[in-house]
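Chemist: Would you mind keeping the following structure in view while I ask a few things?
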Amino acid sequence: MHEYIIQGGFPVNGTIKASGNKNAALPCIAAAILSEEPIILKNIPEIEDVFVMLQVFEALGGHYEKIEKNVFKLQIEKVKTSKIPEDLATKIRASILFAGPLLARTGKAVLPPPGGDVIGRRRLDTHFLALTELGARVETDQNFSFIAHKLMGEDIFLDEASVTATENAIMAASLAEGTTIISNAASEPHVQELCKMLNKMGAKISGVGSNILTIEGVKKLNGTEHRIGPDYMEIGSFIGLAAVTRGQLKITDVEPRDMRPLRVAFGKLGIGWSLEGTTLTVPDKQKMQVNCDLGGMIPKIDDAPWPGFPPDLTSIMTVIATQVEGTVLIHEKMFESRMFFVDKLIGMGARITLCDPHRAVISGPSSLHGSELVSPDVRAGMAMVIAACCARGESIIRNVYQIERGYEHLVERLKSIGVKIELKEK
């Protein structure tokens, strides 16, 4: 077990490169099941979740090798089993992403209930709906078993714009017979990334970036090389870190289009940045002040499917709001347990009223003090790191495995921009 020891109160300064998008890397790894040929993935973040997905890929009969930093070669000439090992499935929710590819390649997929962050009720019904529409039969006992003699294209309307259910449907439909239309599809950048990779492999997917996808099934998918785009969730986290520590930070390898929803939400808290090409600069000593809605109403920051504000950043925004002059409502619509970490911020000196499991009213600025904290999930854990960096004194954060599931070489990279952080073995 490891823990972070952070001395707060120091501004960040310098340049940091954005890592590859974790939420794009995971489905792209699963999609390698769809071809017998080699897949080379570049800009893959070297984080816990990626390595667990690679272990699942290997357990199914695949082989992978690290060619160089952040570049991996994957190949699975023959699938030796269609069952995900239970010990790996329980480590990561994204193991569900192997259902569609296994079903398309072998006609069967057996998955133990997936693990991952405990941030509320995370239903799997939309996955079942999509795959059964394509011709699969679902059996449930201790595991979820998907069986299909032949997948057939279908007109599918998803009951929610689930990212992973959309990705499963896309992968299964790519090798199905006939044409599939997916309505109410998720359109997040990582879904677009998967579609781009599959099209390079020979898939025929149109409507990429919209909520209606058309997929013409093909008989075979080929190998390819694909570079994963930058992680806008990580970029948003670093913007927040710079703002609350009053430092100047340059973030390189940014995709400007991904930043538009973030600019709107951060702007409500008086936080801005400049973009020059793919380099984003957060200026120091910004006047962080809540911009009230018309009529002087308290502004609301709420999450929504893309191109709305991403739910993975609501924890980060909650911490930022504690350092902004004024009052704001944070409304986490999607996950009812994500806001429960705010009691730790209150213990550090934040003024927060938790209205219900989905909503919190934050008034600032508050002077935070160091504390002992336990990371409940990857995003709340990073929010705690940001809180510790702007707090007075020393903070200790435990269960940092959760944070390192989503943030690459975090301690090393934070040190490079001036954060007083140490990794200690407990």
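Residue numbers in this text run from 1 along the chain shown.
Glycine is treated like the rest: Cβ placed from N, Cα and C.
Here's the feature list from Swiss-Prot:
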BINDING   LYS22, ASN23  phosphoenolpyruvate binding site
BINDING   ARG93, ASP312, MET334  UDP-N-acetyl-alpha-D-glucosamine binding site
ACT_SITE  ASP117  active site, proton donor
Chemist: DSSP on ARG93 (UDP-N-acetyl-alpha-D-glucosamine binding site), three-state: which is it?
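Modeler: In three-state terms, ARG93 (UDP-N-acetyl-alpha-D-glucosamine binding site) counts as helix.
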Chemist: Could you tally the C-beta atoms, other than its own, that fall within 10 angstroms of the C-beta of ASP312 (UDP-N-acetyl-alpha-D-glucosamine binding site)?
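Modeler: So the Cβ neighbour count for ASP312 (UDP-N-acetyl-alpha-D-glucosamine binding site) comes to 26.
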Chemist: Including all protein chains displayed, how many Cβ atoms other than that of ASN23 (phosphoenolpyruvate binding site) lie within 10 Å of its Cβ?
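Modeler: For ASN23 (phosphoenolpyruvate binding site), the 10 Å Cβ neighbour count is 24.
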Chemist: Which of LYS22, ARG93 has the fewest nearby Cβ atoms, counting only those within 10 Å, among these binding-site residues?
Modeler: ARG93
Chemist: Round to a whole number and give the Cα-to-Cα distance in Å for the pair MET334 (UDP-N-acetyl-alpha-D-glucosamine binding site) and ASN23 (phosphoenolpyruvate binding site).
Modeler: 17
Chemist: Compare all C-alpha positions of ARG93, ASP312, MET334, the record's UDP-N-acetyl-alpha-D-glucosamine binders, and send over the largest distance in angstrom.
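Modeler: So the maximum pairwise Cα distance among the UDP-N-acetyl-alpha-D-glucosamine binders is 16 Å.
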Chemist: Determine the Cβ neighbour count for MET334 (UDP-N-acetyl-alpha-D-glucosamine binding site): the number of other Cβ atoms within 10 Å of its Cβ.
Modeler: 19
Chemist: Between the Cα atoms of LYS22 (phosphoenolpyruvate binding site) and ASP312 (UDP-N-acetyl-alpha-D-glucosamine binding site), find the distance and write it as a whole number of Å.
Modeler: 12
